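Structure, as structure tokens:
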């Protein structure tokens with residue numbers, strides 16, 4: 001009887017223990033979150049480099065998903081699932097932590113190469129070698145994030161098949177729903193990873209985020225070595241390799257952000273003196289020193305795109321603000337949407353309004369121009385406060401931090417009315433920005449503007465993005481406004497344009513034409529410049545009938561803008 005019981009017990013297949021099962025599924029969930037964060041990290045960085053964030057995101061995610069599928073097939077070639085998984089996570093950790101830094105170094109060197117060659121050969125600054133092989137190398141370097149995306153995608157795609165094989169090998173009986181169980185953990189982990197990205201990692205340095213993410217891949221390798229030591233080939237060697245990479249990750253977490261910033265600084269013409277990652281965007285300030293007692297030139301870049309230069313920002317903001325207020329019957333109550341640097345606000349305050357409301361999403365950006373970061377160089381902080389005339393500390397100013405699309409609804413609900421509205425938003429280079437140029441948004445603003453007031457929208461370049469420029473006017477008209485457009489040269493941007501809209505009475509151009517002088521004196525702007533700004537080439541609007549307004553959900557303006565950007569920059573993602 002006793003012998004029979006032993007025989008029965010020996011014949012019974014061993015089952016996967018609950019501890020190992022929970023451990024493996026937990027590892028799978030964590031790695032899924034890491035994989036999604038790598039997608040976001042690389043696509044976000046690629047968008048900053050290429051200047052086409054939305055296209056970069058879709059391209060990166062598409063490439064990584066396809067690569068993950070190929071990686072799942074390639075996992076068949078790995079004979080030892082235990083050892084293969086440990087080596088895989090070690091490699092993912094190393095590549096994931098170094099991808100951003102190496103990309104920044106290569107692109108930075110590519111941008112500096114023409115200047116290095118010119119300096120070596122004694123060429124003048126206006127004859128930098130930028131064509132031929134140098135131009136090709138620079139272009140190829142911009143696609144390096146996609147190389148990392150494909151490589152990491154291949155390796156991430158191997159994780160699920162290997163975990164599935166490990167689970168099965170730990171049980172003598174066939175595991176029902178093995179794939180479904182693992183995919184369930186994978187999906188949940190990916191969702192958690194997305195939440196971590198949005199809630200935490202967007203606000204920290206991108207290189208630090210990469211190092212932190214890679215540390216979880218490395219931790220998965222450590223756990224496997226500890227738990228399955230007897231099943232792994234050369235565990236001591238792999239443990240030593242993990243310890244070495246741990247040191248690399250610590251170094252990258254501490255020094256990586258400053259190294260990455262130094263490489264990124266090579267992308268700018270002038271010296272980078274301050275950089276900050278807010279929850280919504282990357283802010284970079286540059287400084288160009290000038291001799292002969294002239295003050296330095298400061299510039300702000302958001303996600304790599306120039307927002308203003310202190311050498312000519314007054315031209316842009318004078319044309320944005322003064323025609324608007326001059327065309328308004330009153331200017332006691334003014335609304336500014338965007339304009340978180342306070343430069344337009346400074347010009348508005350010159351009209352002695354009773355109240356100004358500024359609606360901007362990024363509180364961290366506004367804070368830098370109100371009470372600069374202690375880590376910011378003193379000369380820069382003083383320059384910023386001087387540029388905007390310390391406008392944010394004026395008691396007449398109310399700042400609301402909210403998404404403009406929803407924020408204006410709250411103003412409408414309160415029954416607010418404004419004598420003038422100035423919309424100073426970034427170009428519609430992203431679908432989220434596109435809706436702020438839609439007919440629906442302009443109809444909201446129609447509820448806020450006084451019948452005899454004026455509304456002005458910065459409308460991108462009429463030269464580089466003609467269709468987008470005209471589409472803004474047609475969208476305002478669709479919303480019920482009487483629209484005129486004007487333009488002027490801003491040296492840092494080239495030819496730039498604005499759309500000015502009214503509701504009742506004469507249009508803004510006629511109102512301004514009746515003036516004999518500007519109500520306020522300006523060092524740059526004259527009434528003659530304002531009136532002349534409404535003149536366009538004879539054939540400028542000849543194809544306007546074929547240009548569509550930007551209805552909500554159509555993304556029409558976004559596509560016009562992206563097309564113009566691609567043609568101007570020679571950008572082709574495929």
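Cβ atoms here come from the backbone N, Cα and C positions, even for glycine.
Summarising the annotation, Swiss-Prot assigns transmembrane segment to 22-42 (among others). Long-range neighbours of the transmembrane segment (22-42) within the same chain, counting only residues 6 or more positions beyond its ends whose Cβ lies under 8 Å from a Cβ of the stretch, are 60-61, 64, 68, 89, 92, 96, 99-100, 145-146, 148-149, 152, 156, 159-160, 163, 166-167, 181-182, 185-190, 192-194, 196-197, 201, 206, 209-210, 213-214, 216-217, 219-220, 223-224, 227.
The transmembrane segment annotation in Swiss-Prot covers 55-75 (among others), and the record cites sequence analysis as its basis. Same-chain residues lying 6 or more positions outside the transmembrane segment (55-75) and placing a CB less than 8 Å from one of its CB atoms are 35, 38-39, 42-44, 46-47, 49, 84, 145-146, 149-158, 160-162, 562, 573-574.
Summarising the annotation, Swiss-Prot assigns transmembrane segment to 90-110 (among others).
Per Swiss-Prot, transmembrane segment is recorded for 144-164 (among others), and the stated evidence type is sequence analysis.
Annotated transmembrane segment per Swiss-Prot: 188-208 (among others), in sequence order.
Residues or ranges marked as transmembrane segment by Swiss-Prot on the basis of sequence analysis: 209-229 (among others).
The annotation transmembrane segment is assigned in Swiss-Prot to 237-257 (among others). With a threshold of 8 Å between CB atoms, the same-chain residues lying at least 6 positions outside the transmembrane segment (237-257) that come near it are 83, 86-87, 90, 93-94, 97-98, 101, 205, 207-208, 210-212, 214-215, 218, 221-222, 225.
Swiss-Prot lists 254-510 with the feature region 'Spermidine synthase'.
If you look up Swiss-Prot, you'll see 281, 360, 403, 404 marked as S-methyl-5'-thioadenosine binding site. Under the three-state DSSP scheme, residue 404 (S-methyl-5'-thioadenosine binding site) falls in the helix class. Neighbour density for residue 404 (S-methyl-5'-thioadenosine binding site): within 10 A of its CB lie 20 other CB atoms from the protein chains shown.
What Swiss-Prot lists as spermidine binding site is 317, 341. Residue environment of residue 341 (spermidine binding site) contains 25 other Cβ atoms, counted within 10 Å of its Cβ in all protein chains.
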Selected stretch (most C-beta pairs under 8 A with the transmembrane segment (144-164)) from 90-110, 188-208, 209-229: 90-110
Rounded distance in angstrom between the Cα atoms of residue 341 (spermidine binding site) and residue 360 (S-methyl-5'-thioadenosine binding site): 10
Largest inter-residue Cα distance among 281, 360, 403, 404 [record-listed S-methyl-5'-thioadenosine binders, Å]: 16
Remaining residues near the recorded S-methyl-5'-thioadenosine site, that is with C-beta within 8 Å of the centroid of the site residues 281, 360, 403, 404: 280, 338, 340, 359, 361, 362, 401, 402, 425
Three-state secondary structure, which DSSP defines for residue 360 (S-methyl-5'-thioadenosine binding site): coil
